[in-house]
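Under the heading Zn(2+) 1 binding site, TrEMBL lists 75, 189, 246. The Zn(2+) 2 binding site annotation in TrEMBL covers 189, 224, 333. If you look up TrEMBL, you'll see 223 marked as active site, proton acceptor.
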Ligand SMILES: [Zn+2]
């Protein structure tokens with residue numbers, strides 16, 4: 001049975017339209033601007049001012065020009081492929097742009113973003129009938145043997161379509177809804193984060209909340225290749241506190257080792273991460289906020305860094321108390337990433353209530 005979603009923190013019809021549109025707009029790493037335009041257009045109604053940086057990170061500011069600065073952040077970029085080599089027969093070989101998964105590529109459809117506009121292509125793969133040998137000897141997909149077929153039959157025909165070395169290809173799989181309040185799509189990592197921080201801004205505005213600090217709602221570029229957009233914008237803003245949201249693995253699906261990955265499940269609420277980059281007092285404030293507001297949550301641990309933009313905010317300047325609120329997700333970096341609506345709602349609520357609990361006087365000192 002599907003639950004009806006009456007909570008203010010849930011996905012309204014209007015916000016669902018935005019989410020769908022945002023998810024279906026290609027935002028490849030390094031070329032995130034089309035997605036950023038959709039995001040800025042939605043968020044501008046709920047913030048006092050917006051700005052962008054040279055590499056395309058987009059920011060909405062609530063209550064600007066205060067001495068104390070707080071960031072909530074997600075990343076905007078989508079993993080994708082680069083055209084690397086066009087062979088004489090018109091087949092296109094690739095390089096990764098981020099951690100795109102070779103195992104799931106065969107028979108997927110893509111759009112190549114060429115100089116003359118979008119070009120449709122598919123990942124070709126030899127038919128089961130023509131793959132000789134027993135199962136153990138079958139070719140496995142890897143970057144060297146994966147190729148795109150755009151219908152052209154020689155290199156010139158490819159180039160005539162505007163496709164060039166360095167053009168980026170993104171998958172076409174889009175947003176969809178499934179039974180039991182689940183959502184599916186490509187690159188919920190981390191467009192669901194961009195959606196959730198925008199919803200936090202909307203709720204602050206609609207509920208007429210005034211904050212005793214400047215809030216920067218940051219949708220950063222280039223996370224997937226090393227947390228780079230966050231590094232740039234952290235230096236520009238120099239925040240006093242940063243709360244980051246990203247996705248984390250649901251470890252309850254097959255072939256995942258919980259001994260190694262820990263236990264995390266879609267539907268059980270946002271995950272709070274312990275690790276050296278996460279500021280313990282800020283994390284404690286968030287955890288207390290969850291308990292006080294009866295928001296379900298899960299715990300996770302990382303060794304060394306979090307592997308998210310949290311690390312950039314913590315370390316880019318002279319030490320910014322940072323914390324990570326992750327939403328559980330199934331099948332990360334495939335085209336069928338799956339999340340649960342209740343987790344979206346609870347992650348929005350936890351960020352929102354944590355921002356209301358925080359003031360410039362909040363004592364984050366360890367001593
Ligand atoms: Zn990712």
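Even glycines carry a Cβ here, placed using N, Cα and C.
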Exercise. Tell me the Cβ neighbour count for residue 223 (active site, proton acceptor), meaning other Cβ atoms within 10 Å of its Cβ, over all protein chains shown.
Key: 29
Quiz item: Looking at the binding-site residues 75, 189, 246, 333, which has the shortest Cα distance to the residue listed as 'active site, proton acceptor'?
Solution: 75
Self-check item: Structural state of residue 189 (Zn(2+) 1 binding site), classified by DSSP into three states
Solution: helix
Quiz prompt | Cβ-based neighbourhood (8 Å from the centroid) of the Zn(2+) 2 site, residues 189, 224, 333 excluded | solution = 78, 79, 98, 99, 100, 187, 190, 247, 332
Quiz item: Rounded to the nearest angstrom, how far is the Cα of residue 246 (Zn(2+) 1 binding site) from the Cα of residue 224 (Zn(2+) 2 binding site)?
Solution: 11
Quiz item: When you measure from the Cβ of residue 189 (Zn(2+) 1 binding site), which residues in the chain that are at least 6 apart have a Cβ under 8 Å away?
Solution: 79, 246, 247, 329, 332, 333, 337
Quiz prompt | Cβ contacts of residue 75 (Zn(2+) 1 binding site) (under 8 Å, same chain, 6 or more positions away) | solution = 190, 193, 194, 219, 220, 221, 222, 223, 224, 229, 230, 246, 309
Quiz prompt | Candidates near ligand 1 among the recorded positions 75, 189, 223, 224, judged by a Cβ under 6 angstroms | solution = 189, 224
Quiz item: How many neighbouring Cβ atoms, not counting its own, are there within 10 Å of the Cβ of residue 224 (Zn(2+) 2 binding site)?
Solution: 25
Self-check item: Sorted by sequence, non-75, 189, 246 residues with Cβ within 8 Å of centre, Zn(2+) 1
Solution: 74, 190, 193, 223, 224, 245, 247, 308, 309
Quiz item: Where's the emptiest Cβ shell within 10 Å among the binding-site residues 246, 333?
Solution: 333
